[in-house]
Amino acid sequence: MAPSGPGSVRRRCRRVLYWIPVVFISLLLGWSYYAYAIQLCIVSMENIGEQVVCLIAYHLLFAMFVWSYWKTIFTLPMNPSKEFHLSYAEKELLEREPRGEAHQEVLRRAAKDLPIYTRTMSGAIRYCDRCQLIKPDRCHHCSVCDKCILKMDHHCPWVNNCVGFSNYKFFLLFLAYSLLYCLFIAATDLQYFIKFWTNGLPDTQAKFHIMFLFFAAAMFSVSLSSLFGYHCWLVSKNKSTLEAFRSPVFRHGTDKNGFSLGFSKNMRQVFGDEKKYWLLPIFSSLGDGCSFPTCLVNQDPEQPSTPAGLNSSSKNPENHQFPAKPLRESQSHLLTDSQSWTESSTNPGKGKSGMSNPALTMENET
């Protein structure tokens with residue numbers, strides 16, 4: 001076997017270093033379990049009823065926290081499917097063509113049947129040179145993972161993973177349960193923390209665990225509440241962190257609310273249709289991550305007009321209806337909403353074109 005080069009050694013070292021934040025959180029979580037369950041509940045609490053109630057509630061929050069954290073870390077990010085990868089012939093043709101209009105013409109032909117509506121700032125097809133694929137809507141290349149990630153939100157060092165389509169729900173639940181975990185500890189530890197300062201506790205090692213436990217829980221509660229609140233706002237607007245900083249670009253131009261379908265549908269896109277799974281770290285998000293319904297498709301003058309009965313105002317994201325189906329019917333349950341899709345009953349002969357994208361077809365014809 002050939003010896004490993006310096007580049008390979010550096011990559012291995014980086015992989016090890018990336019796990020340091022996860023190890024830190026795991027050690028902190030292990031210490032908090034010992035400090036709360038053992039030193040506070042068993043050693044310091046004298047009331048048996050209080051002990052039982054606190055231990056049951058604590059273990060419930062602890063289990064949900066660990067479960068959601070585990071799923072966020074070890075759920076592999078989803079990558080674009082094969083249909084977005086260029087064929088061997090298209091790659092060769094692309095390599096021969098210089099950067100410019102001829103280069104874009106090759107990409108337009110390759111993308112004419114793909115369900116994509118977003119472009120680069122210059123209006124070009126979004127193409128990843130590193131992965132050699134046409135990027136689906138809301139897909140971005142992660143420099144840490146060195147892969148294109150579907151509906152990428154950000155790369156989180158605290159979970160050593162990319163947060164995207166496959167684990168965004170788990171990440172939200174991780175934030176929610178970690179916040180509840182810290183708030184619960186701070187609330188139930190407060191009276192013993194006060195006793196510490198008033199010398200109401202015996203001078204044992206539990207005294208110091210109780211003090212530092214309250215400080216840690218209160219400190220993390222503040223930071224987690226702001227982060228969780230921010231991501232709740234992103235979900236309500238159907239945005240990713242990347243899209244909040246740089247709005248997606250469509251053919252007609254930039255629009256920060258291009259993927260917003262109204263609060264209810266935005267929530268369902270992340271958490272799914274069945275509410276019984278919303279609070280569990282079980283995958284229930286709608287769609288496949290490669291295509292997304294958008295309220296802006298029919299604002300493109302080159303696209304077909306909206307069928308009769310679907311012309312509602314797009315200025316009010318809470319009340320607008322879906323545009324004419326631009327995507328594959330199997331991609332998202334949102335696209336089969338009986339209140340939004342009326343053209344299927346009036347036009348049974350249409351909607352069988354699979355993944356045909358009218359915007360790109362028209363562009364290719366011109």
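Backbone N, Cα and C atoms are what each Cβ position is placed from, and that goes for glycine too.
For reference, TrEMBL has these:
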COMPBIAS  297-316  compositional bias 'Polar residues'
COMPBIAS  332-359  compositional bias 'Polar residues'
DOMAIN    125-246  domain 'Palmitoyltransferase DHHC'
REGION    297-366  region 'Disordered'
TRANSMEM  16-36  transmembrane segment
TRANSMEM  48-70  transmembrane segment
TRANSMEM  170-188  transmembrane segment
TRANSMEM  208-230  transmembrane segment
For the transmembrane segment (16-36), could you work out the same-chain residues 6 or more beyond its ends whose Cβ comes under 8 Å from its Cβ atoms? 58, 62, 65-66, 69, 73, 144, 157-160, 185, 189, 209-210, 212-213, 216-217
Can you name the far-off residues of the same chain, 6+ from the ends of the transmembrane segment (48-70), with a Cβ under 8 Å from a Cβ of it? 25, 29, 33, 36-37, 40-42, 159, 170, 173-174, 176-178, 180-181, 184-185, 188, 281
Give, as a single whole number between 0 and 100, the mean pLDDT over the domain 'Palmitoyltransferase DHHC' (125-246). 93
Go through the chain and flag residues at least 6 beyond the ends of the transmembrane segment (208-230) whose CB is under 8 A from any CB in it; none is fine as an answer. 28, 32, 34-36, 39-40, 44, 172, 175-176, 178-179, 182-183, 185-186, 189-190, 192-193, 196, 201
DSSP helix/strand/coil residue counts for the domain 'Palmitoyltransferase DHHC' (125-246): 68 helix, 16 strand, 38 coil
